[in-house]
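Read through the structure below, which is laid out as structure tokens, and then see the notes.
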Amino acid sequence: MHKRTMYAQDFPLYKQAGWTPPAQGAFPFLAFSLVLSNVVYLLETYLDLRQRKRLQATEPPPLLLSTLEQVDGGAAADATTSLRAKAVAKFNTSQEYGRAKSAFGLFSATARHLIEMALLLAGAHPYLWDAATRVVVRCGGDAAHTTKVSLVFAGLSVLLGELESLPFSLYFTFVVEARHNFNKTTPALFLADKLKSLALTAAIGAPVLSALIWIMDRGGDLLFLYLWACLFLVALAGLTIYPTLIAPLFNAYAPLPDGELRAAIEALARRVRFPLTELYVVDGSRRSAHSNAYMYGFGRNKRIVMFDTLLKQVEQPELVAILGHELGHWEMGHTLRNFAVTQVYLLAMLFGYGIATVAVGADLFASFGFASDQRPALLSLILYLTALMTPADHVIHLAMNYWSRHCEFQADEYAVKLGYAQALQTGLCKLSLENLGNMNPDPLYSAYHYSHPPLVERLSAIMQAEGRGIKKVD
Ligand SMILES: [Zn+2]
């Protein structure tokens, strides 16, 4: 017997009863997915280490200082209130926060990578499936009822994933974020949030999963299209249900009271013909001191949501400028295009799945330790995603970040056209300083991870747009 067959028979350690080795010369799916996940891990660790080096610097980069000087020039600030002075004063705190997050990131990524590899090699998938079958049988169900077994299997997988990530999220929230005064959540609120999300996952996940299994069991050449249509409807429903029914379970949304700020935002909406139906302030400060703003809604029924933390961090004209940027995303159809791109990606992924189940079904199951006589639909989808799609996800993620940064520049330019160049610049600077944003990011790291361009790049682009004397809209 030569080495390849020996290897294929040894791993995963746990195999289902009735398991038979993959056919001679079959593609080694398990080994392939392990190699790819190691490649991704090494690449991301390399980027983390590059970033760590930048986080050791004790002086702000000269380009940042000269850019901030230019912003200050427009705002006529003095030596103590200038953004440049504030950035110098906050630089070390922001670097320290960056280092703490980076150390945590490196540790948790390494630990979770090792856990994931160990689970794959040990045969956690077939083990969990057999455990799910036993649960169904013990509850008086039929072991051959694959939909029931699939649902229990999915439930166990979610719980296992939760168990795996819980220590890390606890440490991040109550140690890393707390040390830098960002964490505002209490252990009780943290626990309540977790339980609520798990209950929601079960309530929404179970029917959706049952529908997907029902479709997959019917198969056919157009399987990918039916699956996509189902997920498309779920996504559409989610867009409607999430802000109105789900988000309020976690936060309080109060209409912004009448006053100068509300009048200013409504004037902006009228000016650009944005169909604003409601303006909310959400109590983000219950959990974190970080700030945000976003908008949602279909057609002529749009709402804007601002975090209460955001209102405290910037002045009114800056807030209006930031919302001008948000409306830029709407005006240029970024939200809609993002949704469309995601759906096309989903469709392509499911098309690949349709081909893979037909072409490699039995070998895929065998290489992950499953007996290949049954091949339940949910498992074939999960194995396909594990073996082939996870690496592709990283490439897509990279492309999406690039695209997102491009959209951010466009939305900034839109705010400049509205005449908010100065207020947008000071607003962005304040948000970056308040949130201890990285002032010295590594170019490769940010190209891979950042969905928003680094502060210096945004400020320079805004100045350039302003300098080009872009025609203002009115
Ligand atoms: Zn944006």
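Each residue, glycine too, has its Cβ placed from N, Cα and C.
Within the same chain, residues 4, 7-8, 11-12, 106, 109-110, 113, 116-117, 120-121, 360, 363-364, 366-368, 383, 386-388, 390-391, 394, 442, 444-445, 448-449 sit at least 6 positions outside the transmembrane segment (26-47) and bring their C-beta atoms closer than 8 Å to a C-beta of that stretch. According to TrEMBL, the transmembrane segment annotation covers 26-47 (among others).
Residues or ranges marked as domain 'CAAX prenyl protease 1 N-terminal' by TrEMBL: 89-251.
For 198-216 (among others), the entry in TrEMBL reads transmembrane segment.
Here the transmembrane segment (222-242) has Cβ contacts under 8 Å with residues 208, 211-212, 215-216, 296, 298, 339, 342-343, 346-347, 350-351, 353-354 of the same chain, all six or more residues outside its ends. According to TrEMBL, the transmembrane segment annotation covers 222-242 (among others).
Annotation source TrEMBL lists domain 'Peptidase M48' at 256-464.
The annotation Zn(2+) binding site is assigned in TrEMBL to His325, His329, Glu408. Using a 10 Å Cβ-Cβ cutoff, His325 (Zn(2+) binding site) registers 24 neighbours.
For Glu326 (active site), the same-chain residues that are 6 or more apart in sequence and have a Cβ closer than 8 Å to its Cβ are Ala293, Tyr294, Met295, Ile304, Ala411. According to TrEMBL, the feature active site maps to Glu326.
If one looks beyond the transmembrane segment (344-371) by at least 6 residues along the same chain, the residues whose Cβ comes under 8 Å of a Cβ in the stretch are 8, 11-12, 14-23, 26-31, 120, 123, 125-126, 129, 221, 223-225, 227-228, 231-232, 379-381, 383-384, 386-389, 392, 396. According to TrEMBL, the transmembrane segment annotation covers 344-371 (among others).
The transmembrane segment annotation in TrEMBL covers 377-396 (among others). Note on the transmembrane segment (377-396): residues 29-30, 32-33, 36-37, 39-40, 120, 125, 129, 146, 150, 153-154, 209, 212-213, 216-217, 345, 349, 352-353, 356-357, 361, 364-365, 367-368, 370 of its chain, located 6 or more positions outside it, place their CB under 8 angstroms from a CB of the stretch.
Residues or ranges marked as active site, proton donor in TrEMBL: Asp412. Here Asp412 (active site, proton donor) comes close to His325, Gly328, Leu424, Arg458, Ala461, Ile462, Ala465: these same-chain residues lie at least six apart in sequence, with C-beta atoms under 8 angstroms from its C-beta.
Sitting within 8 Å of the Cβ centre of His325, His329, Glu408, and not among those site residues for Zn(2+), are the Cβ atoms of Glu326, Gly328, His334, Cys407, Gln410, Ala411, Asp412, Tyr414, Ala415. Per-residue confidence over the domain 'Peptidase M48' (256-464) averages out at a pLDDT of 92.
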